[in-house]
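Asks: One structure is given below, represented as structure tokens, and several questions about it will come after.
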Amino acid sequence: MTTHDTTPRTDEPATTPRTTPRETMRGLPGILQPYLTWVTGTPLEGGRQIIAWSPNKAGLLGLVQMAGGIALGAWSLHPLTGWSIPLLVLATLLTTGGMRRLDVVIVHQTLHRMFARSHAVNRIVGEVITTVFWRSPYDENRKEHLLHHQFPCSMKDGDTLYLLSTGMRPGMSRSEYRRYLWWNLVSPKHHGSFTYNRFKGNFFGPMPLYRRVMALVWLAATVAFVALTGWWAEYLILWVLPLTYCFQSATFLYTHTEHRWWIFSNAEKLTKKERDHLTFGRMCGEPVPGPDVTGGGRRAAAWTTWWFRMLVVHPAYRMFVLVGDTVQHDLHHIHPNCDWANSAYVRSHDIAEGSDRYSDVWGSLVDHLHEAGMVGQPLDRLLTPERMSEKR
């Protein structure tokens, strides 16, 4: 894991590139740079944006990804061949990633009324997606999420309470954390509780009458469609599996990496600087092999490993867990009303303009999990030097 302070140095020209893993990729062919920007989550300094994104385009991308995953899965099932299993794995990742993109990106922005200018449109989009995905109704979801922004990582934050309920604790060793993580990813109790609460929230929780009717109509339409077509196996494999186990696993991993949950002992009152430090840029990737890697065999092995991670490891994380603008989640907490659909470039521009409110953590999902959970770190890091001096 590599942590980079993004504060510009005052003794260097503003045009001097920061030393980050992304800048080490500057020498690679230009045709690869858009892909590398997507995978890493950050453009080269001074890089030109090729596609200007909008909320509607972001939503359409989520729909296309989900539909593409379902279509690929259906094609792989008929007929069953030796390629069906690997294709189904890819299809499930695509479908789940599309669902997550619509949930954690689009619904999230409707809660902030930043998907559309109209409050009514934000509500409609949010209610439709949450109904289809068996997620919390709009009003309750918005209430809980705004509380998260008001008291992030505190005991008033529903996400903090969720992580604690799964057994997460500060100060875990790497081996303890690994066992805890794997157990929750496969635990019937964890997933059963997660699924039950989703259904309960859709049918029995506080909500307007129209939302309850939407949930009942969607349930009836689903049962009728599957009964008439006889596609029970396809429905379970191509829809229920991605929407329950896979969706919940991605949500579990994503929530873990979202903040440095324990860094300020879950305090409710934080300074602006402390609040900024709760979040970080979850950048994906490592520096390209440098000139210090000598010898033909060693250099070839280093480049092979690097490309494998850039083409397989990090893209899977970006497609399945860290979707859309969630790489730059710190930007959302610093400037919640920003042009979120183009957040990679907005964040990069803000840093170039001199903002000192950002920090990057480079690496993989594992690195982000360890950083956010303070895994293997001493408990005295739960207090900043300022807070430690206050207690003396």
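Heads up, the Cβ atoms here are built off N, Cα and C, so glycines get one too.
So TrEMBL has the following annotated:
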type: COMPBIAS; residues: 1-12; note: compositional bias 'Basic and acidic residues'
type: DOMAIN; residues: 86-347; note: domain 'Fatty acid desaturase'
type: REGION; residues: 1-27; note: region 'Disordered'
type: TRANSMEM; residues: 58-77; note: transmembrane segment
type: TRANSMEM; residues: 83-102; note: transmembrane segment
type: TRANSMEM; residues: 213-231; note: transmembrane segment
Asks: For the transmembrane segment (213-231), could you work out the same-chain residues 6 or more beyond its ends whose Cβ comes under 8 Å from its Cβ atoms?
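Replies: Here the qualifying positions are 127-128, 131-132, 202-203.
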Asks: Any residues 6+ beyond the ends of the transmembrane segment (83-102) with a Cβ under 8 Å from its own?
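Replies: Those are 58-59, 61-70, 72-73, 75-77, 129, 133, 237-239, 241-243, 246-247, 250-251, 254, 316, 319-321, 323-324, in sequence order.
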Asks: For the domain 'Fatty acid desaturase' (86-347), what's the mean pLDDT in this predicted model?
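Replies: A mean pLDDT of 96 is what the predicted model shows over the domain 'Fatty acid desaturase' (86-347).
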